[in-house]
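Here's the structure we're looking at; comments come further down.
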Amino acid sequence: MSETQSWSSVLIALLAREDLSVADASWAMRQVMTGEATDAQIAAFLIALRAKGETVDEIVGFRDAVLDHAVGLPVNSMALDIVGTGGDRFGTVNISTTAAIVAAGAGVPVIKHGNRAASSSSGSSDVLAALGIDLTLPPERVAEVLRATGITFAFASAFHPGFANAAAVRSQLGVPTVFNILGPLCNPARPEASAVGVAPLDRVPLIVGVFQTRGATALVFRGDDGLDELSTTGHSHVWEVSRGLVTEHDIDPRDLGLPTAQIEDLLGKDAAHNAAVVRAVLAGQEGPVRDIVVLNAAAGLVSYELAADPSRVQEPILDRFRSHMAVAAEAIDSGAAVSKLEEWVAATR
């Protein structure tokens, strides 16, 4: 690509199937975030990029630009995000959202970052609204809620106003774009620990690579069934990222004492139904949904512990999961998780 950054040089490079540098990728995304790019330029950029195939350096540049233009969310302590990319097309209940509440009930500060539905029957924002949480809070109130309760929700559209500049184009294109990858990587609080479920297998190296390049701590995972969660229907693959190193693991839920579930056991409906499922699980209802929630809450706790003490990576991952599954289960059975939800609802009112 030429030394002078312009849409012409960016598009010529992409059409020639040349990868962009971090700096050039960041320049292009800044044009989108600031509203300087036209709809035609955005559409050409997104399609040419998708046709070529994104690289880790490009995603790093895009992420840096998005976060540079995000509304800040100051945090005074270590925090965790539990999120899924969506796109698995199963329409499950809100597993990562429920797991986030359980993790907060276990005492870990959680900053959930999300948007409208992608693969669940209702997205994290939809089900949280149905649970009674006010999602229209200004950014400073979002931070206050975290300090008061230990959990909060950063609505992507509120903290990334620049996303709106590409919204119409994305809707008209109707195909997945780089923005589908960026969501889980752009929590405005920049939490130290992440647990990220990824549905498309070809997206895993990109997301893992971004965490690795930036020296972040994360557990990235997908079910062999295609879920963007740690699955209980069969094996899951886990990529553990810490201090620039990646360790791969295979997780069989049976090794953790969990019975094998059927995907039908995990399917959701609309936001009201899914909110009722969340409340039932937090109230102690047993069954397949509780099992998968406990497993995914444990993933968040494992990541948070690893961020605090990177030497934990040397310990067997199944041992770490067993330990944190017990913590997650206790958060439910003691009533701490459902109490955390009620605290959260009250704090947003």
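Numbering starts at 1 and runs along the chain as it is shown here.
Positions of Cβ are set from backbone N, Cα and C atoms, glycine also.
Annotation comment: Swiss-Prot describes Gly84, Asn115 as anthranilate 1 binding site. Feature annotation from Swiss-Prot assigns 5-phospho-alpha-D-ribose 1-diphosphate binding site to Gly84, 87-88, Thr92, 94-97, 112-120, Ser124. What Swiss-Prot lists as Mg(2+) 1 binding site is Ser96, Glu229. As annotated by Swiss-Prot, anthranilate 2 binding site applies to Arg170. According to Swiss-Prot, the feature Mg(2+) 2 binding site maps to Asp228, Glu229.
The two recorded residues, Ser96 (5-phospho-alpha-D-ribose 1-diphosphate binding site) and Asp228 (Mg(2+) 2 binding site), have Cα atoms 9 Å apart. The 10 Å shell around the Cβ of Ser96 (5-phospho-alpha-D-ribose 1-diphosphate binding site) contains 28 further Cβ atoms across the protein chains shown. In this structure the C-alpha atoms belonging to His113 (5-phospho-alpha-D-ribose 1-diphosphate binding site) and Gly84 (anthranilate 1 binding site) are separated by 10 Å. Proximity to Glu229 (Mg(2+) 1 binding site), judged by a C-alpha distance within 10 Å, picks out Gly84 from the binding-site residues Gly84, Asn115, Arg170.
Here Asn115 (anthranilate 1 binding site) comes close to Gly123, Ser124, Ser125, Phe155, Ala156, Ser157, Gly183: these same-chain residues lie at least six apart in sequence, with C-beta atoms under 8 angstroms from its C-beta. Ranked by CA distance from Asp228 (Mg(2+) 2 binding site), the binding-site residues Gly84, Thr92, Arg170 have Gly84 at the top as the closest. Secondary structure at Gly84 (anthranilate 1 binding site), as computed by DSSP, is strand. Neighbour density for Asp228 (Mg(2+) 2 binding site): within 10 A of its CB lie 28 other CB atoms from the protein chains shown.
Looking only at the binding-site residues His113, Arg170, the densest Cβ neighbourhood within 10 Å occurs at His113.
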